[in-house]
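A.B. asks: Got a structure for you, questions after.
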Amino acid sequence: MANDIHVTWHEHRVSREDRERLNGHRGCVIWLTGLSGSGKSTLANVLDHLLSERGIKTAVLDGDNVRHGLNASTGMLRETHGEEFAARFGLGFTAIDREENIRRIGAVAQLFCEAGIIALTAFISPYRIDRRRVRQSMREGDFIEIFVDTPLDVCEQRDPKGLYKKARAGELKHFTGIDDPYEAPEAPELVVQAGERTPEELADEVIAYLIRRQILPPTD
Ligand SMILES: Nc1ncnc2c1ncn2[C@@H]1O[C@H](COP(=O)(O)OS(=O)(=O)O)[C@@H](OP(=O)(O)O)[C@H]1O
Ligand SMILES: Nc1ncnc2c1ncn2[C@@H]1O[C@H](COP(=O)(O)OP(=O)(O)O)[C@@H](O)[C@H]1O
């Protein structure tokens, strides 16, 4: 029997329900998925701001930031931890690396959720199976998948980091939407049109949804 299965789950003294009562709202995971440049980070940040102003406890997990820390790349880890460690734990953009990226983020988001916090995640998360696994790891109703549905041509026109240009020029391989797949959600809780509406309008749509679902208390 492998040693690593001798790990038991601890029930905490302060339950999730206790924390949610204290917070005055439920915990959940708002999982934003969409192409690079679709507006995931912008929406997560506007939501974070609007919810925080209302005293709601939130946490943002953002693609670029998480890939600098928890899910650092091989190149970054090589400098700090050496070649062997970097080769084993560094994450890039192959299908399997994206799978592990999403698995770790899902686990962190779940911890926030269980602590009664609204976790806002902004990752491309291009594969349906990876998103489904995160959903299935959570309690029914905790995973709220929001498709940030911005057409590729709009994302490509925005191209704030110049990555689409590089991908088109063949300088960046496996770029989502260009030479790597994006599998749009089939039954997301919500679809937002971030090519047509302002981030504030989109955030209002999401908040209205959360009130309808009784995750947030109604506004006075
Ligand atoms: N090959 C490739 N494909 C897609 N994206 C790439 C790639 N290389 C680097 N980047 C930059 O990394 C950001 C996406 O990271 P994610 O962690 O969200 O990706 S994934 O969910 O694991 O697919 C993404 O950021 P966003 O534009 O914020 O989505 C890009 O800036
Ligand atoms: N709803 C929106 N309408 C117009 N422009 C937007 C909208 N949301 C984001 N943007 C712009 O699009 C670009 C990409 O947004 P970002 O949030 O970084 O996308 P992602 O996190 O999906 O890569 C940024 O320049 C941002 O200002």
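Each Cβ is built from the backbone N, Cα and C atoms, and glycine gets one as well.
Nobody curates TrEMBL annotations by hand; they come from automatic prediction.
For reference, TrEMBL lists these features for the protein:
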ACT_SITE  Ser125  active site, phosphoserine intermediate
BINDING   Gly34, Leu35, Ser36, Gly37, Ser38, Gly39, Lys40, Ser41  ATP binding site
DOMAIN    26-81  domain 'APS kinase'
DOMAIN    90-193  domain 'APS kinase'
TRANSMEM  107-129  transmembrane segment
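Burial and contacts for the listed features, if you can.
C.D. replies: With a 10 A radius on its CB, Ser125 (active site, phosphoserine intermediate) counts 27 other CB atoms from all the protein chains.
Within 10 Å of the C-beta atom of Ser38 (ATP binding site) sit 27 other C-beta atoms, taking all shown protein chains into account.
Secondary structure counts, DSSP: the domain 'APS kinase' (26-81) has 26 helix, 11 strand, 19 coil.
Here the domain 'APS kinase' (90-193) has a mean pLDDT of 97 out of 100.
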A.B. asks: Are there residues at least six beyond either end of the transmembrane segment (107-129) with Cβ under 8 Å to its Cβ atoms? List them, or say none.
C.D. replies: 16, 19-20, 22-23, 25-36, 40-41, 43-44, 47-48, 51, 56-63, 66, 70, 95, 98-99, 101, 137-138, 142, 176, 180-183, 185-186, 210, 215
A.B. asks: Counting only residues 6+ apart in the same chain, whose Cβ is under 8 Å from the Cβ of Ser41 (ATP binding site)?
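C.D. replies: Spatial neighbours, sequence-distant, of Ser41 (ATP binding site): Asp62, Gly63, Asp64, Ala122.
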A.B. asks: In the same chain, which residues outside the set Gly34, Leu35, Ser36, Gly37, Ser38, Gly39, Lys40, Ser41 have their CB within 8 A of the centroid of the CB atoms that define the ATP site?
C.D. replies: Ala122, Ile124, Val148, Thr150, Cys155, Ala194
A.B. asks: Which whole-number value in Å describes the distance between the Cα atoms of Gly39 (ATP binding site) and Ser125 (active site, phosphoserine intermediate)?
C.D. replies: 14
A.B. asks: Listed recorded positions: Gly34, Leu35, Ser36, Ser125. Which have a CB under 6 angstroms from an atom of ligand 1?
C.D. replies: Ser36, Ser125
